[in-house]
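Participant: The structure under discussion is supplied below as structure tokens; questions concerning it will follow.
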DNA sequence: GATAAATAGTTTTTT
DNA sequence: ACTATTTATC
């Protein structure tokens, strides 16, 4: 979000009168001019059609790498160029703010001036923008707070505690997930209660939690992420006249990543593209809203034209309520819709695409789509089976160095993984090898406690009724206000129908000690003083700020600095002896710097705009293309991005597909799509790696190769270290069916526990690192014996002597662990003390 | 009310 | 393994 929310006039008052949207009977308004437009240069016939088509509804099925962003951008530019739309009549919805910024930039680059007034933003940003304008209509303050999942969790925790609902098995997480799911279906506590089985005490309890949660948010004038969509839909349904203003304004709606829309988003799109009835249009005209040239023969305003772009094979957000039926049912929802299929891929080599096609082909119930490339086969996919997560990280790090030495920039490489927890091992190794990297997403800046503290001060100023923010800062920094005082204030507020903030001002009535009372009053005064700084000096008689900006009012950074010095938050961290507080102080200073940047970029932006921007940043938003670092991210974050070289790590059962997806209906299929998304991010080089063992919850688990690896034709993968024939339980099932069997590929053990590394389980042999990619396979084949390494039920006890393939002879001091995780603590005669996983270590009893 | 020690829960993905 | 939260003690 780079444009301030309040930077433009409301649609109702827009004075654009000429409204060049009208189509001829074919949906084309004179194609001659468009045919020659440079906008179509370099596009294939399908892409051209997607840019040129004019009609009510257009579905673009865009396979991965099929130039979808370019088509969407050019389509927007084309709408403007052919005068089918004014900029202000276009609403383009993207998945991330970064994608929105990119699109805005590209449209601007094509057209120069004239793209102002377009709304290009995410679902959530657009909804916030609408809701801030119309807040009073649905009983909200226009400065409403936006609760993130952590805020939701804290709120639910208090509710569950108050209800003793944990005895029914409710946790903030479980209740929150259920509430979110319901809100995505546009349900509320009441509508849920009507259909719930109220003879089930657990259901009764859940309804009560849901009710209280909704009530608390309302009292705090706060909305959670799901509310942003749901409340906008509610606004449009409950206030047809409000809806009509937006339907009148947005004549062209474009939605990217349509396969990942949930029901609430689907409903929102539907509300925005409905026609305005003749009666309502007449009413608008009578009210002085300019609608005449939009009205058709019956006097109604036809629904806006809708373009959606998506690919059901890349739907990976079902857990968040995404429903691919939105895309598969598009032609039913919008009769007469045009469907365009983009199958030519401009991103990846044919080898990568063939692998992707093979994998996704295993999903049934999909319309077959085959990506193809004119760019040649390219290099083979590289496979690698590591001994441990660390070993895998070492492989990734080594290969990154090889690629870099061969001339590839760090910024063109990315490492993907299924879970954020996998970053730890990768980071450790990358730091050690001095590889510049950056973790995209993960623990985000704005989620750090000290940043949330500082932001809570700002929120408390912007939205004084937000109890959550106030309670967060009540004793931060420490001012001697403990939990007893906090709950005392809270119930004092409830009993006297005051807001928490009012209770603070009246805290003298609580009969607390003079010290505590003084501290509370001082904080309340500080917040009041900060609020005064924001009151604009130049206002009209009826209190409306002149010029739509806070002329004369303090800007965000001034308010923040005032609050920081007034509260002592920064000073306390600076003077602390805890070394971590130094980092925290730096983070807060970084936040101050960000507010200054914000002031510069958004001269008209106010405190609320800043807080909104902060609330809605997505993981991929902080990706800096010019950073010159390797990017690390989850497969989910990777969607929509592309890199020269991609390392897809942790391709193991239990991780990809993830354990937790096994019970979910459609889980394995969604995990397969996730794998597919990861594969199709790669332009030239793709590395698939897995680890035989992986540390989790502090102990080591044996992992099997992912079932999805078997779905890739064997001749597409060049296994540098094959999963081979090693068995995990001494059986005869191959670990991966597509493993190369020629050339003597074999088990893990012998080849993997070469040099002994700091993890104590033996490290990977180094012989394959540092070699240029694409060396003949025989290099490895010769070094790996065909023996299968599996010690099965080898029994060892303290005192046994063993012989290790690399470390020589040693004595077992101790055996710990159970089953496949049994670990021998061995004192080697020459190699020192090692811990070995008995099952797979290259050892024998002597 | 603040510190230290013990314990529980965490890791699926995110706007 | 790590962190966050709760509990014991001063």
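Note: Cβ is positioned from N, Cα and C throughout, glycine not excepted.
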Participant: Scan A:746-780, A:781-815 against TrEMBL and say which stretch is down as region 'Disordered'.
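Facilitator: Here TrEMBL associates region 'Disordered' with the stretch A:746-780.
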Participant: Under TrEMBL, the annotation region 'Disordered' belongs to which of these stretches: A:1-28, A:29-56?
Facilitator: A:1-28
Participant: Specify all same-chain residues, apart from the site residues A:62, A:63, A:64, A:65, A:66, A:67, A:68, A:69, whose Cβ lies within 8 angstroms of the center of the Cβ atoms of the ATP site, ordered by sequence.
Facilitator: A:71, A:311, A:342, A:345, A:346, A:347
Participant: Among the binding-site residues A:66, A:69, whose Cβ has the fewest other Cβ atoms within 10 Å?
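Facilitator: Each of the binding-site residues A:66, A:69 was scored; lowest Cβ tally within 10 Å is A:69.
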Participant: Give me the mean pLDDT over the domain 'UvrD-like helicase ATP-binding' (A:41-349), rounded to a whole number.
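Facilitator: A mean pLDDT of 88 is what the predicted model shows over the domain 'UvrD-like helicase ATP-binding' (A:41-349).
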Participant: List every residue in the same chain as residue A:67 (ATP binding site), at least 6 positions away in sequence, whose Cβ is under 8 Å from its Cβ.
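Facilitator: Expected: A:43, A:47, A:342, A:344, A:346.
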Participant: Long-range same-chain neighbours of residue A:68 (ATP binding site), Cβ under 8 Å, sequence gap at least 6?
Facilitator: A:60, A:62, A:256, A:309, A:342
Participant: Could you list the residues of the same chain, at least six apart in sequence, whose Cβ is under 8 A from the Cβ of residue A:63 (ATP binding site)?
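Facilitator: The answer is A:311, A:313, A:342, A:343, A:345, A:369, A:371.
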